[in-house]
Amino acid sequence: MKTILDFHDKKSKKQKISMITCYDYSFARIVADSDIDCILVGDSLAMVMLGHSTTLDVSASVMAHHTAAVVRGAGDKFVIADLPFMSYRKGLTANMTAVEKVMKAGAHAVKLEGAAGNLKLVRHLVDSGVPVMGHLGLTPQSVNQLGGFKVQGRDEKAQKKILEAALQLQDAGAFSVVLECVPSKLAKEITAALEIPTIGIGAGVDCDGQVLVLQDMLGMNQGFKPKFVKTYLDGFNTIKGALNQYHQEVSTEIFPSEKESYS
C-alpha cells in the first residue's frame, strides 16, 4: 500500500488491511520485506521502547526521531505516525508544529486519538494535504480519564457516542479509523456505517483491517498478553536462548573460531 487510495480500494474489494507498529530501522527493514500492508509508528513506543507505564511520556520530537528511523527502512510501505499526547490541544499553530515534525521525518499520514475537540484540526490537516487516521474506543492517551486500560462501548450510550464520533471523523476527512478495545458487535456496526476503512485492535473480526504491536505479536513482552493479542513467535525465549548460547561459546572459547578470525 502506497497511498490512502489503497485503503479505500481494499475496503471496496473486501480485502483485509494488515497494519503493524514499528519503531526502528532494523525492524522496519524486515516489515518492508514482508506482506504487511502498512506501518504505524505508534506512541506506544513510550511503553515498548522507552519503558514508560503509559503512552503519555513521549514528545513530538521523539515521535519524529523514531518515524525517521522507520521510514529509512520501510521501503514503499505506507507509514502513519501518531501525534503524541497534548500535541494537538494547544491551538492550530502548536498543532501544526507537531505535525510538521513527523511529516518532515517522512510519515505519509498522522493518527490522532478521539473526535471531540479534534474535528476542526482534522479538517485543517486534510485541507492542508495531510492524511489523517482517527482512533476511537480505548484511546491510551486518555487512560487517566478512562480509568485505565478498559474495554469501551459496553453500554448503549457509549456505543452511540463512539459511532457518532466515527461518522464525524469521516465527515471531517479522515481516511481511516482505528477501533481499539470495543465490543465486536459495535465494531461491526461502525464498519458497516462507514465508507472509510476501520482498523481493529481488540475489536473483533469484522473490521476492515487489524493492527498489533510488533513486539506483542512476536512474543517479546514476557508476562504481558492482553486478550486481543495473538503471538506468532516465542520471541523472548528465542532471543534469550541465542544470547545464552553466545555467552556459553565465548566462555568456552568456541567463539570466535578460525572461521570468524583473520589470518
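Positions of Cβ are set from backbone N, Cα and C atoms, glycine also.
Annotation source Swiss-Prot lists Mg(2+) binding site at Asp43, Asp82, Glu113. Note: Asp82 (Mg(2+) binding site) has non-local neighbours Leu40, Val41, Gly42, Asp43, Ser44, Met63, Val110, Lys111, Leu112, i.e. same-chain residues 6+ apart with C-beta under 8 A of its own C-beta.
Per Swiss-Prot, 3-methyl-2-oxobutanoate binding site is recorded for Asp43, Ser44, Asp82, Lys111, and the stated evidence type is sequence analysis. DSSP assigns Asp82 (Mg(2+) binding site) to a strand.
Residues annotated as active site, proton acceptor in Swiss-Prot, with sequence analysis given as evidence: Glu180.
According to its DSSP assignment, Lys111 (3-methyl-2-oxobutanoate binding site) is in a strand.
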